[in-house]
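After the structure tokens below, expect a handful of questions from me.
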Amino acid sequence: MRDFFKKYFQGDSVIWTVFFLLCMISIVELYSASSSLAFRASNHAAPMLRHAMFLALGAAIVAGVHMINYKSINKFAYILLVISVLALIYALLRGVNANDAKRWIGVAGIQFQPSEFAKISLLVVVADLISKAKNAEELNKSFLKIVGVTLVICGLICLENLSTACILFGVVFLMMIIGRIPFKKLGMLLGGIAVAILLLIACMHIVPENHRPKAFNRYYTWENRIARFMKHNKDDKDKYVITDENYQVMHGQIAIARGGVIGVFPGNSLERNYLPQAYADYIYAIVVEETGLLGGIFVMALYLFLLFRAGQIAWRCNEPYPSLLVIGLTLMIVIQAMVSMGVTVHLGPVTGQPLPIISRGGTSILVTSVYFGIILSVTRYFKKGKQKTESPETNTTANEPTE
């Protein structure tokens with residue numbers, strides 16, 4: 001058994017531990033949170049079996065991807081990036097409509113979100129472009145390429161999923177800071193985007209409704225969510241009244257309040273019967289309700305510890321490509337987790353972001369598993385390469401005659 005784990009579960013043991021702990025929490029909490037799905041399916045095991053299957057497949061993906069040398073991943077990323085752009089365009093035109101948003105594509109009865117594949121391909125491409133720049137001139141060319149491809153990807157995603165586009169852009173921006181892109185260029189980029197956003201807001205309020213492009217129909221959803229968030233934060237008695245508009249937010253807060261310090265224990269949640277997305281966007285509320293403040297802090301600490309460990313790994317790499325790859329992918333996981341948890345405790349407007357690995361969602365679980373696999377690939381192959389470079393010196397020293 002020990003030889004089996006050594007052979008198929010190589011790489012950093014801490015990253016493996018975080019992944020499996022998240023999977024265990026997901027199984028326990030989703031079994032409780034998916035009661036409404038079990039009721040509708042008239043089968044208490046069906047939703048859990050489906051989720052367990054995706055987690056098992058995710059673990060297999062992590063094990064498989066971490067066997068691939070991270071240096072060869074960028075070759076597939078450019079191809080996947082082109083396919084993702086085409087898939088995003090197709091989703092906007094002919095995608096499956098769910099919750100008034102066309103984020104899904106159906107192929108042979110299987111639905112998936114092309115934005116998930118666009119995220120991972122973009123992050124790998126950005127890491128590759130920055131790492132290939134050897135001087136200021138090449139870095140400037142890489143910056144222009146990164147901005148171009150990022151604006152295309154984020155522009156296509158934001159039409160139906162603003163929060164995902166913002167998180168993805170934020171991660172790319174942080175990668176450019178870490179990659180030592182000049183602050184002057186980054187400032188100009190932010191300034192240009194700010195002007196574009198202000199112009200869009202002005203146009204949406206000036207242009208008559210019957211002349212507005214259909215592509216911007218989601219604009220009013222974003223505006224209403226922000227307005228409801230700001231209204232709920234006002235100090236008045238109305239914010240304690242549960243309405244159709246704040247139904248999910250209020251029941252999320254009730255779930256957190258019920259949890260207290262130690263929680264009501266797994267399986268005893270009441271708010272899972274009221275929260276429409278208890279198994280997805282708002283699963284953190286169920287985690288806190290059932291495991292209390294201690295459980296909520298533990299889950300948050302897992303993601304933060306993952307970021308801390310990734311920082312240590314990136315620091316030890318001493319090469320730009322693996323360092324940026326590890327940091328970029330980890331930031332994507334952790335920032336998404338922080339946004340999801342922040343929305344649950346009402347630190348921001350509703351975004352629809354799932355909690356990585358823990359929330360229900362096949363595409364999200366599988367793609368996040370690829371993130372973990374690539375990170376582990378870096379720890380596995382970089383360590384192996386380092387050992388190979390050090391071994392000749394060790395052998396020479398060992399074979400030297402003693403005086």
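If you go along the chain as it appears here, the first residue is 1 and each next one adds 1.
From the backbone N, Cα and C atoms, a Cβ is placed for every residue, glycine too.
All annotation found in TrEMBL is predicted automatically rather than curated by experts.
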May I ask you to indicate which of 115-136, 357-378 is given in TrEMBL as transmembrane segment?
357-378
Let me spell it out: take the transmembrane segment (76-93), skip the flanking residues so only those 6+ beyond its ends count, and list any with a Cβ under 8 Å from a Cβ in it.
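Answer is 102-105, 113-115, 117-118, 120-122, 124-125, 128, 149, 152-153, 156-157, 159-160, 215.
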With Cβ distances under 8 Å as the criterion, find the stretch in 13-31, 52-70, 186-207, 320-345, 357-378 that has the most pairs with the transmembrane segment (146-174).
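Per the Cβ under 8 Å count, 320-345.
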Between 13-31, 186-207, 357-378, who has the most Cβ pairs under 8 Å to the transmembrane segment (52-70)?
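Maximum Cβ contact count belongs to 357-378.
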